[in-house]
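Single-structure report; data block below.
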Amino acid sequence: MTTTLQQRESASLWEQFCQWVTSTNNRIYVGWFGTLMIPTLLTATTCFIIAFIAAPPVDIDGIREPVAGSLLYGNNIISGAVVPSSNAIGLHFYPIWEAASLDEWLYNGGPYQLVVFQFLIGIFCYMGRQWELSYRLGMRPWICVAYSAPVSARTAVFLIYPIGQGSFSDGMPLGISGTFNFMIVFQAEHNILMHPFHMLGVAGVFGGSLFSAMHGSLVTSSLVRETTEVESQNYGYKFGQEEETYNIVAAHGYFGRLIFQYASFNNSRSLHFFLGAWPVIGIWFTAMGVSTMAFNLNGFNFNQSILDSQGRVIGTWADVLNRANIGFEVMHERNAHNFPLDLASGEQAPVALTAPAING
């Protein structure tokens with residue numbers, strides 16, 4: 001008997017690279033989206049850390065009054081931020097090579113654009129990588145669909161809103177207090193609290209938290225005991241076991257009696273789809289709300305107060321909200337504007353055009 005051995009041709013470096021990138025046997029899956037995700041997220045993270053620590057003040061309003069955001073210029077972890085690029089730059093793409101010098105690039109807030117653009121590309125690729133890994137493993141694509149909710153929210157805040165407002169200086173600062181400042185100014189200029197899409201987003205986030213807590217507590221309370229009373233119930237679960245780890249019938253019966261029968265799911269698959277869909281849809285609506293308000297399609301306003309038959313104002317919550325918004329707007333960009341538009345567009349006050357004659 002004769003055995004013939006044929007030497008296998010060695011794969012090229014490109015083929016080896018392709019096999020490594022798409023292999024699901026790696027400890028961490030890379031994927032084709034990962035080849036772009038890894039460098040962009042590393043770039044964004046590195047630039048953010050350096051800018052947060054040591055970036056010089058930025059002329060955010062374009063009026064030659066720089067605002068310091070880094071730690072070395074007097075801020076702490078709470079007040080520090082990567083300050084958005086200058087209003088003098090507007091929506092222009094502002095990479096390092098567009099500036100006359102590195103100092104000019106830093107003064108005009110170039111690091112903000114670098115971090116934001118690299119970060120957005122990175123999270124887009126992360127979402128694509130989730131789909132890619134699901135496809136390789138034969139899974140359904142709902143993981144990347146769920147992740148599209150925070151991706152759409154970040155895109156609305158960092159890209160769509162500055163485009164609608166005409167300048168990246170209106171983007172959200174990359175810091176804790178900068179985030180809150182952005183929220184307050186957004187309320188002042190767009191009345192987001194009175195926008196129905198924001199209300200749906202609040203229902204999605206808080207409702208999702210409630211449903212998650214309810215589900216986790218119900219499951220934990222109806223675990224099937226596989227251990228003695230002196231051992232933790234967690235030891236009764238073996239990874240990959242075929243048996244149910246909790247009694248869904250008991251959980252269904254408890255919740256159905258606690259509220260009413262049809263408030264409880266009797267199908268585990270529909271239950272978990274609901275738990276995933278509720279917050280995702282809510283955050284989608286919030287992202288759509290921010291994207292529409294970016295072009296000044298704002299929340300409901302009740303600027304006309306309710307008057308009685310004598311013409312006196314009947315105070316309502318809308319009046320309180322309007323005064324708060326005007327107060328926020330007065331504090332915002334106080335050196336760039338004299339008055340917010342709500343105050344500047346009121347009735348004109350009579351002024352003296354000629355000086356009175358003084359006879360001494």
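Cβ coordinates come from backbone N, Cα and C, glycine included.
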Inquiry  = Of the residue ranges 175-196, 197-218, which one carries the transmembrane segment annotation in Swiss-Prot?
reply    = 197-218
Remark   = Candidates Tyr126, Asp170, Ser264, His332 (binding-site residues); nearest Cα to His215 (Fe cation binding site) turns out to be Ser264
Nearest-integer angstrom distance between the alpha carbons (Cα) of His272 (Fe cation binding site) and Phe265 (quinone binding site) = 10
Note = Counting only residues at least 6 beyond its ends, the same-chain positions whose CB falls under 8 A of a CB in the transmembrane segment (29-46) are 20-23, 114-116, 118-119, 121-123, 125-126, 128-129, 132-133, 136
Ask   = Using Cα coordinates, what distance in whole Å links Tyr126 (pheophytin a binding site) and His332 ([CaMn4O5] cluster binding site)?
value = 35
